[in-house]
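Feature annotation from Swiss-Prot assigns N-linked glycosylation site to Asn2, Asn15, Asn200; the stated evidence is sequence analysis. For Lys296, the entry in Swiss-Prot reads N6-(retinylidene)lysine. As annotated by Swiss-Prot, region 'Disordered' applies to 330-351. According to Swiss-Prot, the transmembrane segment annotation covers 37-61, 74-96, 111-133, 153-173, 203-224, 253-274, 287-308.
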Amino acid sequence: MNGTEGPYFYVPMVNTTGVVRSPYEYPQYYLVNPAAFAVLGAYMFFLIIFGFPINFLTLYVTLEHKKLRTPLNYILLNLAVADLFMVIGGFTTTMYSSMHGYFVLGRLGCNLEGFSATLGGMISLWSLAVLAIERWVVVCKPTSNFRFGENHAIMGVSLTWTMALACTVPPLVGWSRYIPEGMQCSCGIDYYTRAEGFNNESFVLYMFFCHFMVPLIIIFFCYGRLLCAVKEAAAAQQESETTQRAEREVTRMVILMVIGYLVCWLPYASVAWFIFTHQGSEFGPLFMTIPAFFAKSSSIYNPVIYICMNKQFRNCMITTLFCGKNPFEGEEEGASSTKTEASSASSVSPA
């Protein structure tokens, strides 16, 4: 084994010199340059000061503007709540721990931080999958005479929480466990060991296939069908510049959505799978820390892609920030006037 395993921790360094210590009790500066902990803390601070305001503003603006409280927007609000879970429950703890060089909150704190951060991440991940399903259903209408309503939206939100809890509760009750990961300043699922009594192998397989591959397949299928439907509508109205413009915007948006999902989860899932299938191989603390950066950054670019680029949300946010007036209203109206012929296609687009 090219690491040191202890009670509820795994440090990616062989303890041949006797320097390895518990990440719950001692600074881990022997793992990487101490400056790396400062960089980690600064990055967490950056995510907090940008991630919290933009997600909180999303919720506040929705309360302020009744027209935003529509069933199709429920999942976007759920996405903002998920990001706030990550910011409040995960990023603050990681920043505080990085300032000390180790996970200072102990075993209980590791469980709470691992649960909160993973819960937020899983709600966010499943929200993107449900959002893809909702947009596919609304635009492609696979079922005739179907009308998307509040009950369907509530079912979608409930599904995200059910799947997220199905992923995050088991490590608290003995199916796998939360342990410090990477630079030992944040906690996550134990991909590193085959600790006796925790059945890590079965849980990691369950996580990878059910909570990564399934949402990925859903997103590719739904957005693939949606793009086909939009292109067919555009082909039927080739003389309409409006329809062509809407098609380009929807295509751009779908590409952004898929890339956003892959950038967020593919590095983390790939590295976790590699560690799981190559247990005993040598890898440094940064090997898991850097992919986690991508997953955590979703708290910023998810709102930008899915909320701030949504014309209705964007206008309401600007109106709220400018005390009831939108200084860009003329430009927005001029841009939107060219899209009236393609309302069904542009309903999937945030622009």
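Any Cβ shown, glycine's included, is placed from N, Cα and C.
Here the transmembrane segment (253-274) does not lie next to the transmembrane segment (153-173) in space: the count of CB pairs under 8 Å, restricted to residues six or more apart, is fewer than 3. Each of 74-96, 111-133, 153-173, 287-308 was scored by its Cβ pairs under 8 Å to the transmembrane segment (203-224), and the highest score goes to 111-133. Across 111-133, 153-173, 287-308, stretch 111-133 shows the highest tally of CB pairs under 8 A with the transmembrane segment (74-96). Tertiary proximity for the transmembrane segment (153-173) is limited to same-chain residues at least six positions away from its ends with a CB under 8 Å from its CB atoms, namely 71-72, 74-75, 78, 82, 111, 114-115, 118-119, 122-123, 126-127, 130, 133-134, 189-190, 203, 207, 210-211. Only Asn2, from the recorded positions Asn2, Asn200, Lys296, place their Cα within 10 Å of the Cα belonging to Asn15 (N-linked glycosylation site). Sequence-distant neighbours of Lys296 (N6-(retinylidene)lysine) (same chain, 6+ residues apart, CB-CB distance under 8 A): Met44, Leu47, Met86, Gly90, Phe91, Ala117. In this view, Asn2 (N-linked glycosylation site) is surrounded by 13 other Cβ atoms within 10 Å of its Cβ, with every protein chain counted. Counting only same-chain residues at least 6 apart in sequence, those with a Cβ under 8 Å from the Cβ of Asn200 (N-linked glycosylation site) are Ser176, Arg177, Asp190, Tyr191, Thr193, Arg194.
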